[in-house]
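Here's what TrEMBL has on this protein:
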DOMAIN    B:76-301  domain 'ABC transmembrane type-1'
TRANSMEM  B:24-48  transmembrane segment
TRANSMEM  B:68-101  transmembrane segment
TRANSMEM  B:113-137  transmembrane segment
TRANSMEM  B:168-191  transmembrane segment
TRANSMEM  B:212-233  transmembrane segment
TRANSMEM  B:283-305  transmembrane segment
Amino acid sequence: MATLMTERKRSALTRGRLPRYTPYAIAVAAIIISAALLSLVGFNVFGWAVLSAVLFAAGNVTSAAIVEGRRKATDKFATSLVVGAFLVALLPLVSVIWTVLVNGVPGLMAPGFLTTSMNGVTGAVDNAAVKDGTPVLGGVYHALVGSVLITLWATIISVPVGLLTAIYLVEYSAGNRFSKVITFLVDVMTGIPSIVAGLFAAAFFAMILGPGTKTGFVAAVALSVLMIPVVVRSSEEMLKIVPNELREAAYALGVRKWRTIVKVVIPTAISGIASGVTLAIARVIGETAPLLVTAGFATSINMNVFAGWMSSLPTFIYTQIMTPTSPSNADPSTQRAWAAALLLIILVMLLNLGARLVARVFAPKTGR
Amino acid sequence: MSTTKLIPKAGAGQAASGRTGDKVFSGAALTAGALIVAVLFAVALFLIVQALPTFSAAAADITGGKGFFSYIFPIVVGTLIAATIALLIATPIGVAVALFISHYAPRSLARGLGYVVDLLAAIPSVVYGAWGASFLASNLKVPYQWLAENLGWIPIFGGPASGTGKTILTAGIVLAVMVLPIIASLTREIFLQAPMLHQEAALALGATRWEMIRMAVLPFARGGIISAVMLGLGRALGETMAVALVLSSGPLIASLIRSGNQTIAAEIALDFPEAFGLRMHELIAAGLVLFLITLAVNMVARWIINRHKEFSGAN
């Protein structure tokens, strides 16, 4: 009697369920069928992958609908949609990186690309490069210098302001109304379009120093408007998670509040703050729009952020694409643009990686 | 080490340097906070001051010759069209990506996949612009022609299709790619906060995973999703380079697959470097309009988030 009961239960549990190997079988079938279908119209790998995935999802849903019922089928349909959406979201990432790699590597490998500027590189040089096969001259040295200097000045402005604001919000404000206003405005500031930040800096310096003032420093101010809210947000989060016991222990020893903050709170949170700052730098180093309206387009090296136009990697890419050095032979300009794009992506990725590394290196020993 | 030196001083109750240090430091912190408030007001103030000459200028002097409103209206509509396309594409995919990472992907993979999606946000906008102009536009030429031939009777697909593929639809797709990581990462945070007990209860009652998500996760996350979409909208409205590089601009037209239309941000980026005199003030006025639109969108989004914050604890 007992054995009969268990027999029945087991069968009741597995009844109406697809066997475990079903998805694998459907996957194999989908791959074969889609290959066969595509060979009729013309085979390509991308179409094959897409068609297989669609057939696999359809097969899964249909088999579930027939054997397992409507609810399970709906569940499988939703799963297919969600996984499919994720794969679709990866497509542009892969495509962008692939495009930049393929187009950028030859230019980046060109001798002198990193060590020369565009000074003296004219349309005639590019025409010669296309017609006679002479090497493509010109490089990004001036843009690289400009990017580094502008970002450096933006960091010099943003980090003290951002960090002090975060300290005010966490340590001093005690959640008063002014701090709520600041928090709200910082959130709103995060959403300022970058071009508007550029226009603000341009309008500001146009009123102080006369219209048409375009220097690296104006660009740095524009970038600071974008960078400060990011620094405030990340530093605030990091200061908030510093355990209160540490502060109380310092106060109990008679340490002044400001020394507690400088010697206890900030060192504890420094890993998070540093990684937040690095991420903020990574964000602004790729900004193009504010630099277009504030720094101008230089073709030669300018080490002075307070005078003269300055180039930067993003604006270099932009100008090389929009106004090629030689309008009749745009290929050398395109090559330089993609190489600069690759360089910029490498920089941003290194900064992102650096942020994680920094977070790990400076991580305090909290015992948690 | 130096703290130990301070203790006897403070204990002795002298007007020690520590007290001035305290004052200086808290003063500096307060100043920094006030500076941020000042900067935001300065942004608005300087834009308004520099935009004023546009509003007092004669209508015939404005680009187009019919006054500021008829100049700004087409590019405001163009901006809205591009942002709408971007959101229509990015919202469903972004929410699904967030769901995938929070509820579908294996635990051990989820964090890594989150980083991968964040990488999308790390790529500079000018690179997206270059990619959209060279790779995406040329690959979309054929689909656009197909759309124009077969669905041309719908105004938004009116032919003849652009020969270069540099249309507002392409720009919208590039914007969607840029907005996607914002929506995905914000909604992912909300999905992860959905109360575990509700989810487990739903599963224990025999719900499938999708039913559990529909009953216990999505209702909880509705406010968060809306605000994430609004923040994405703010980004899409203000994004410059993707449109400036991808779109071959022109007057306002209904068709999405012909060259035409323009957005505020791209108009500024393209024309400001060479602008002087009234044209410069005009572009700054356009920037002011963009600033006000994004400000409104962001404020509403933040308001929804803050309201949601108060509820989420009680849920």
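Using N, Cα and C of the backbone, Cβ positions are placed for all residues, glycine too.
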Checklist entry - So what's near the transmembrane segment (B:68-101) in sequence-distant terms, Cβ-Cβ under 8 Å and 6+ beyond its ends? => result 54-55, 57, 59, 62, 110, 113-114, 117, 168-169, 171-173, 175-188, 190-191, 213, 217, 225, 228-229, 232-233, 236-237, 243, 247, 251-252, 256, 261-265, 267, 282, 285-286, 289-290, 293
Next on the checklist: At a threshold of under 8 Å on Cβ distances, which of B:24-48, B:113-137, B:168-191, B:212-233 pairs most often with the transmembrane segment (B:283-305)?
Outcome noted: B:212-233
Checklist entry - Who are the chain neighbours of the transmembrane segment (B:168-191) in space, where the CB to CB distance is under 8 Å and they lie at least 6 residues beyond its ends? => result 78, 81-91, 93-95, 97-99, 101-103, 114, 117-118, 120-121, 125, 128-129, 131-132, 136-137, 140, 144, 217, 220-221, 224-225, 227-229, 231-233, 235-236, 239, 242-243, 246-247, 256-257, 260-261, 263
Next on the checklist: How about long-range neighbours of the transmembrane segment (B:212-233): same chain, 6 or more residues beyond its ends, C-beta under 8 Å?
Outcome noted: 83, 86-87, 90-91, 94-95, 99, 103, 179, 182-183, 186-187, 189-191, 193-195, 198-199, 201-203, 297-298, 300-302, 304-305, 307-308, 311-312, 315
